[in-house]
Amino acid sequence: MGKNDDDNKQQSVARAVSAEREERTGLTHECGVFAAIACGDWPTQIDIAHVICLGLVALQHRGQESAGIATSEGNCSPNFNVHKGMGMISNLFTDANIKNLKGNLGIGHTRYSTSGASEVVNCQPLIYKTAHGPMGVAHNGELVNSDSLRKEVLGRGVGLVTDSDSELIAQSLCRPPEKEDSGEEIPELNGPDWPARIRRFMKLAPLSYSLVIMIKDKIYAVRDVYGNRPLCLGKIVPLNVGNLKVEEAKAEGWVVSSESCGFLSIGARYVREVEPGEIIELTRHGHRTVDVLRGPKSMAFCIFEYVYFARGDSIFERQMVYSMRMQSGRQLAREAPCKADIVSSVPESGTAAAHGYAKESGLEFVEVLCKNRYVGRTFIQPSTRLRQLGVAKKFGALSENLVGKRLVLIDDSIVRGNTIGPIIKLLRDAGASEVHVRVASPPLCYPCNMGINIPTHEELIANKLNPEELAKQVGADSLEYLSVEGLIKAVKHNRQPMDPSKKGYCTACLTGEYPTQLGW
């Protein structure tokens, strides 16, 4: 296949993905980032590209539009080895592609676009040739003041290749640091001062971002001062390490990831989160904190990472996401009890909360929906009748568990409200006598400008209908949400932050209280 044919194929995938986005009903994340570096002498025996690829597979739930990997062989490398494109990771990376990604360190990215269009040109990592060699950047989040940053970059006569705000980050990092009082550039006598450059950018853009930045032989992991987007550090350990404590195990390498869920599958162990405002430098010799910027008194970690976005086996604030979701179900049972026979969930993100609701209420948890795992992506438009039964392609009903039963159905969230109705109809058709919906998060009422693609204010069903009205519209016998206070209580139940002084959550999509007004 020639280059033009390959480009046409990539553009076709981009158009197909863009078409599918118009039909999506729920929340969509922007992306996930991953980085890996080998310790000791180079060339390493660790297959860095394969490690990153598997790490991205574990982050696939954070973005399915495009993906990419860039690797470096170290000091003497004039270029990075890069492969990226539109589509799922399993389709993009073959054995041949991975073999061509030779290197001792590398970064990767899987993307769902919010600020930039779903096009090949916006695929990350973004790679730039600077006066000091190549630089790669992968970004999770969305800059709240991107408009002012874009004007500043264009005002310097710099042309932009993409419409992604991630390019603004890269352009900012290409500039030397400046004196805070005068704005004069600080001379870099011994080569670029990357921590100072990163610090300069962080002062220009308060949120939202988690970054992995690669230069020839180093990787920098960066989290904004609000801690809005997640980022964590892991250690690659010997395969025979067993249950040895992570701090006692030898480091064969280090990884950085948006979530910890993929660590065990690549032979790594969770170490800790990157703290808000922290800049971590990773080299073949290990890792160190090179700077920590002071931010607001309270951080603003996106609370919907706990509710919906993160995989259940990920760890935030030293608690597993699954356990927090169970606790939210317990809290929901206290706030919104129901006379019923059984409890079940909309698979799969509502299942942990359903178990918590069942335990707290003393009701039996029973599976009532069987999820079709092989639906795949399709752009064939069905007939009107089949479109009205659209949920049938995703779920089947376990009718033997339902006949004559009063059911409490737990969902993690309701966005537009056009998915729950067909599910309720399916369950009633299967024999349920009553269906009571309980939602393990508060009503979504406000859009997000920090990396989550939440529909507009007008599209959010909670702004149109109260719970009683929504229950009537979707065919439920009753419908109730978890309160904002109840959600925060559930999150805090087992939380163990590294720094107790840094705590707090962004609940802007629930309350309209944004962590900063920059960009609005």
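Note that Cβ sites are derived from N, Cα and C of the backbone, with glycine treated the same way.
The region 'Disordered' feature in TrEMBL is assigned to 1-21. Residues or ranges marked as domain 'Glutamine amidotransferase type-2' by TrEMBL: 31-285. Taken from TrEMBL, the feature active site, nucleophile covers Cys31. The feature [4Fe-4S] cluster binding site is assigned by TrEMBL to Cys302, Cys448, Cys506, Cys509. Among the features that TrEMBL reports, Mg(2+) binding site is placed at Ser349, Asp411, Asp412.
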Cα distance (Å, whole number) from Cys448 ([4Fe-4S] cluster binding site) to Ser349 (Mg(2+) binding site): 21
Nearest-integer angstrom distance between the alpha carbons (Cα) of Cys448 ([4Fe-4S] cluster binding site) and Cys31 (active site, nucleophile): 15
Cys31, Asp411, Asp412 screened against Cys506 ([4Fe-4S] cluster binding site), Cα within 10 Å - retained recorded positions: none
Sparsest-packed of the listed recorded positions (Cys31, Cys448) - C-beta count within 10 angstroms: Cys448
Distance, Cys509 ([4Fe-4S] cluster binding site) to Asp411 (Mg(2+) binding site) (CA atoms, angstrom): 18
Asp412 (Mg(2+) binding site) to Cys302 ([4Fe-4S] cluster binding site) - Cα separation in whole Å: 15
Overall pLDDT of the domain 'Glutamine amidotransferase type-2' (31-285), taken as the mean: 91
Cβ-centroid neighbours of Mg(2+) site Ser349, Asp411, Asp412, 8 Å, sequence order: Val307, Tyr308, Ser345, Val346, Gly350, Ala353, Ile410, Ser413, Val439, Ala440, Ser441
Chain-internal residues, separated by at least six, CB under 8 A from Cys302 ([4Fe-4S] cluster binding site): Asn228, Arg229, Pro230, Phe309, Met450, Gly451, Ile452, Tyr505, Cys506
Asp412 (Mg(2+) binding site): tally of other CB atoms within 10 A of its CB: 25
Pairwise CA distance, Cys509 ([4Fe-4S] cluster binding site) versus Cys31 (active site, nucleophile), rounded so that it is a whole Å: 19
Residue with minimal Cβ packing [other Cβ atoms within 10 Å] among the binding-site residues Asp411, Cys509: Asp411
Which of Ser349, Cys506, the listed binding-site residues, has fewest other Cβ atoms within 10 Å: Ser349
